[in-house]
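Marked as ATP binding site by Swiss-Prot on the basis of sequence analysis: GLY10, ALA11, GLY12, LYS13, GLY14, THR15, ARG127, THR136, TYR137, GLN199. Annotated AMP binding site per Swiss-Prot: THR31, ARG36, ALA57, LEU58, VAL59, GLY85, PHE86, PRO87, ARG88, GLN92, ARG160, ARG171, in sequence order. According to Swiss-Prot, the feature Zn(2+) binding site maps to CYS130, CYS133, CYS150, CYS153, an assignment based on sequence analysis. Residues annotated as region 'NMP' in Swiss-Prot, with sequence analysis given as evidence: 30-59. Feature annotation from Swiss-Prot assigns region 'LID' to 126-163.
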Amino acid sequence: MNLILMGLPGAGKGTQAEQIVAKYNIPHISTGDMFRAAMKAETEMGLQAKSFIDKGALVPDEVTIGIVRERLSQDDCVRGFLLDGFPRTVAQASALEEIMKDLGKKIDYVLNINVDSGLLLKRLTGRRICKECGATYHLEFNPPAKADVCDKCGGELYQRSDDNEETVANRLDVNIKQTKPLLDFYEELGYLQSINGEQDINKVFADIDVLIGGLA
């Protein structure tokens, strides 16, 4: 099974990715991991990527796509993979289609975990962190016993500056605008599957499991 996982920040992608790869024993391939592995192995594309990163420059698409090609050609991807964080643009998605053709494979599903932006805002702005021990809480989903006080050490809880409502709303807005053309592209190809991410975590996975179970 060859899958792409999509979803806005706070949609619960990481949790679902863990469950998918654990059950189906396919590699979870994230962009960051791919780059780190290619640079460590000193592959041709990994060395090219390193030369840009060392200069503080953006890695060009052709290098990123080359790294993806190298990674998807590895033995552990024979039975399938879960791509996370790639592609980010329609140009990258088109290049991925070419890679898959060259490998004699196809993408089975693009799983988009859908959550209303208002709920995402609540999920992302509710986080509180202890100043003393770093313990993490959530005002709605995992609140401390006493408001603004850490259960573990009694330290004061605070909200990170980038978790405030305005910053999070802007981040979501940018993500929605960037993601829409990609979702439209995959909708047209017939790969896109929308998953209701507003349910309990286990129910979200159960829905994914029903969908992809037939591919195993």
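Think of each number as a place in line: the chain as shown, counted from 1.
Yeah, the Cβs are placed from backbone N, Cα and C, and that goes for glycine too.
CYS133 (Zn(2+) binding site) sits 35 Å from ALA57 (AMP binding site), taking the C-alpha atoms as the reference points.
When the binding-site residues ARG88, ARG127, ARG160 are scored by other C-beta atoms within 10 Å, ARG127 scores highest.
Long-range contacts of the region 'NMP' (30-59) within its own chain (CB-CB distance under 8 A, at least 6 residues past either end) are made by residues 66-71, 84-86. The record assigns GLY10, ALA11, GLY12, LYS13, GLY14, THR15, ARG127, THR136, TYR137, GLN199 to the ATP site; their largest pairwise CA distance measures 22 Å. Secondary structure by DSSP for the region 'LID' (126-163): 3 helix, 13 strand, 22 coil. The binding-site residues near TYR137 (ATP binding site), taking a 10 angstroms Cα-Cα threshold over the set THR31, PHE86, CYS150, CYS153, are CYS150.
Counting only the Cα atoms, the space from ALA57 (AMP binding site) to GLY10 (ATP binding site) is about 28 angstrom.
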